[in-house]
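Asker: As annotated by Swiss-Prot, motif 'Q motif' applies to 86-114. Under the heading domain 'Helicase ATP-binding', Swiss-Prot lists 117-289. Per Swiss-Prot, the feature ATP binding site maps to Ala130, Arg131, Thr132, Gly133, Ser134, Gly135, Lys136, Thr137; the stated evidence is sequence analysis. Summarising the annotation, Swiss-Prot assigns motif 'DEAD box' to 237-240. Annotation comment: Swiss-Prot describes 330-505 as domain 'Helicase C-terminal', evidence class sequence analysis. The compositional bias 'Basic and acidic residues' annotation in Swiss-Prot covers 748-762, 819-851, 866-877. The compositional bias 'Basic residues' annotation in Swiss-Prot covers 878-900.
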Amino acid sequence: MPHRDVSPAASENEFDISNLLFKGQDDLSDLERPSKKRKPQETLILDVMGDGDDGADGDEEFIAAQQTAANRKASNLRGRTVKKGGGFQSLGLNAALLKAITRKGFSVPTPIQRKTIPLVLDDQDVVGMARTGSGKTAAFVIPMIEKLKSHSAKFGSRALILSPSRELALQTLKVVKELGRGTDLKSVLLVGGDSLEEQFEYMASNPDIIIATPGRFLHLKVEMSLDLSSIRYVVFDEADRLFEMGFATQLTEILHGLPSSRQTLLFSATLPKSLVEFARAGLQEPILIRLDAESKISPDLQNAFFTVKSSEKEGALLHVLHEVIKIPTGETEALKRAKEEVKHSKKRKRSEVTSNSHKESPTEHSTIIFTATKHHVDYLTSILRTSGFAVSYAYGSLDQTARKIEVQNFRDGITHILVVTDVAARGIDIPILSNVINYDFPSQPKIFVHRVGRTARAGKTGWSYSLIRESDTPYLLDLQLFLGRPLILGRGSGQQLNYAENVVVGSLPRDKVARYTEWMTKLLDEDVDIELQREVAIKGEKLYMRTRNSASGESAKRAKAVVESAEWMMVHPLFNDESSRLEEQREKMLARVGGYKPQETIFEISGRRGANHHPPDDSDDANELRDFDGENDNAIAADNMSLASDSELEVTFSYPQSGKSNSKKDTNHPNLRESFHNPEYFMSYTPASNSLAEDRAYGVHSGSNTNFVESSRIATMDLAGDESTSRGFGEPRSIMRWDKRQKKYVSRRNDEDGSKGGKSDLLVRGESGVKIAASFRSGRFDAWKKGKRIGRMPRVGEAEAPGLGSGMPGGKKYRHRKEQAPKTPDKFRGDYEKKKKKLEAAKQRETEKAFDPSSGAKKAAVTSRGKSELKTVEDIRKARKVKELRKQKNARPSKKGKGR
């Protein structure tokens, strides 16, 4: 058979078919993607038979042309959305799930999804630290749908997702419905406030996925005696909030009923100690997933620390907002644009600020202010709104919907300032943030890192401003040692400072702060509500100060010398351009006057004036006591300075030295005793080497990354509560309370174990040994089964019984046949005339129907569909029984017996 020559003409669609002989990934993707028509590529025509004279040269030209085409494709695809190698396609998901992910709008997995999904598909327990908005919901929903695949005909649920609130559970259900659209998986929502009977029906329909709050799910577990042995996949969403809201007892009881072969996932914004203990008890060799960006301070973040007095703290905050950050007062640009859009739009909006807010983003003035308690949040919000700022606020006990609205306003740029507590800000993720203000200085360096980690992201610069009182100085020194940066007080250095690499401390300009302090004093005198909020905030701060973590002993010793130094009250170098030399001298004089302490007590003054009100030996005792205190103070101050000088601390903590130099330094020290141990036989309690690689090699675990205990030790961070409840600032001080019924003091434990009386307060021990409410077993499920005529529910592993239920609403729709007159149109709407014509037409149809003789038969036919008029055997039996009872009651003979 003779060979055919290659046709010099291009294909019908002007595509060179010779490329198909050398199929590559780029060529196939180019075929699938519609593109513009191009000219025939004459350089790519291939001589298949090799009849050409330049065989080797042709191959080289062909290869070069292919490479040029590939480079051209890559350059043309820049800036377009393409399927990347690191996308969801590389995770090994099925086609239906990939289609649902694409329909949802996800193209590339987020960092938490990229790290979590492969581990979950590998059947490993995971503890993920992720904030709200980081894509954590899809991180556990996508592998769950991939593993469950389709509905199981065997009875028993296979996945359980526990959420702290109803709103979060609804969001999770929405994501599960959207991503599981291509499957026949059944999912149910079990939250408080819904009908128990409906939830009995949902559970009887054999759902695959249960999304619930812990309280209601435990109620159903006890009431229905649920067997959870079929559950393979458990998720604790927002686990830190689960523990904060008091669900620890319910979680322990639920965890006890789950099989040991389950896979458990735990997602949290922070990692408290109680959560670490729960994870160690309930998870099997968990892996901690933590994004590095959340644990480090950005090198682009610049820090400023301002020393203030307690009475000037509000004025200092107003000065920072007005003069340093320069936040404008009044309505924001985003709010003005939203109002303009509402004004020019034809349809009336329910909310003025939500018309086009999703296109906005935080501005360069966006600032988060961190406070200690929820009372400080209310107090500062009132002050700042009175000052004219656009403010949002959030704290732990704020309603979920209100919190979402407030945070969304800040994200959209409608407000410039967000006042929050550490507990409320734990799961908030702001994409672009310029400034962070620590109104109350954090008690742990980790909390400081957690706060300021929200700014200076993605290569952008940011600022953090902290207000430091004298009582906060030890915590500031702890932070300085934690960061390993030198401490600079005031303007002592006299050189250009780098605020990103140094801890620079100084005061604010006194005259400017005084103006805002006077304004605050006037406001407190005029506004009674703000004055009351201030008193409540002071009381809350006292409780907070009692329960916050204490600073290290060395920092407490060093803090006294730092506060008493002259540089402590010097103006911060940030205000170098504002104050002149004369102003600096004025500041020094005011600082000396402010720190003045009299040398004599009232006893010496009275003795010098010749007063005889006190015995003469009182002044001698006072003199001796004062001299002794002075000697003690001088000795302690000298001892403190010798133990912890600035240079020694910088050398020790910022720049660690090798063991050889330390040994030389120690041998030259005169106060150290000589060591008599023999190095050949002596075994020290400290490791001989500091090699991290050597420690990993000797370790019995597979690696430090998989060792949850070691990883969680670094990530653990306890946040103090933001309100004075028993779960917020610690246990109540008194362990007794007054019982009105018994007329005596009783132990508070009675409130916890249910022994204070009343059936509603009784507690019983569950399967795990913890006490749960006795009202969980009320018999309503038995009554529901009796009403539905269900003898026995199928057991786990048996085939599901048909007709038990259809799961969540969404099956057969109810058809409403009720005819209702249209509403009276609103005169102020733009479509008033249109609605008015509709109303008149409806009235005309109703009038015609009333005078139409055929409409009655039609109406009768419609109503006859609802209820049959034929009586059943049971109806006839009941009617006869009622008639017989009526006869006996009346005691009259029948009409037939009258004629006899």
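For all residues, glycine too, the Cβ spot is worked out from N, Cα and C.
Show me how these features fit into the shown structure, please.
Answerer: In the predicted model, the motif 'Q motif' (86-114) has a mean pLDDT of 86.
For Ala130 (ATP binding site), the same-chain residues lying six or more positions away in sequence with a CB closer than 8 A to its CB are Ile112, Lys136, Ala139, Phe267, Ser268, Ala269, Ile289, Leu291. In the three-state DSSP scheme, Ala130 (ATP binding site) falls into the coil class.
Listed as Cβ neighbours of the motif 'DEAD box' (237-240) (distance under 8 Å, sequence separation of 6 or more from its ends, same chain) are residues 136-137, 140, 161-164, 168, 172, 266-272, 275, 278, 426-427.
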Asker: Give the residue counts of the compositional bias 'Basic and acidic residues' (819-851) per reduced DSSP state, in the order helix, strand, coil.
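Answerer: DSSP composition of the compositional bias 'Basic and acidic residues' (819-851): 20 helix, 0 strand, 13 coil.
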Asker: Take the motif 'Q motif' (86-114) and find every residue of the same chain, 6 or more past its ends, with a Cβ under 8 Å from one of its Cβ atoms.
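Answerer: Contacts of the motif 'Q motif' (86-114) (Cβ under 8 Å, skipping residues fewer than 6 from its ends): 121, 128, 130, 134-136, 138-139, 142, 145-146, 149, 178-183, 289, 291.
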Asker: Please report the number of other Cβ atoms within 10 Å of the Cβ of Lys136 (ATP binding site).
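Answerer: 26, counting other Cβ atoms within 10 Å of Lys136 (ATP binding site).
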Asker: Please list the DSSP helix, strand and coil residue counts for the motif 'Q motif' (86-114).
Answerer: 18 helix, 0 strand, 11 coil
Asker: According to DSSP, which of helix, strand or coil covers Gly135 (ATP binding site)?
Answerer: coil
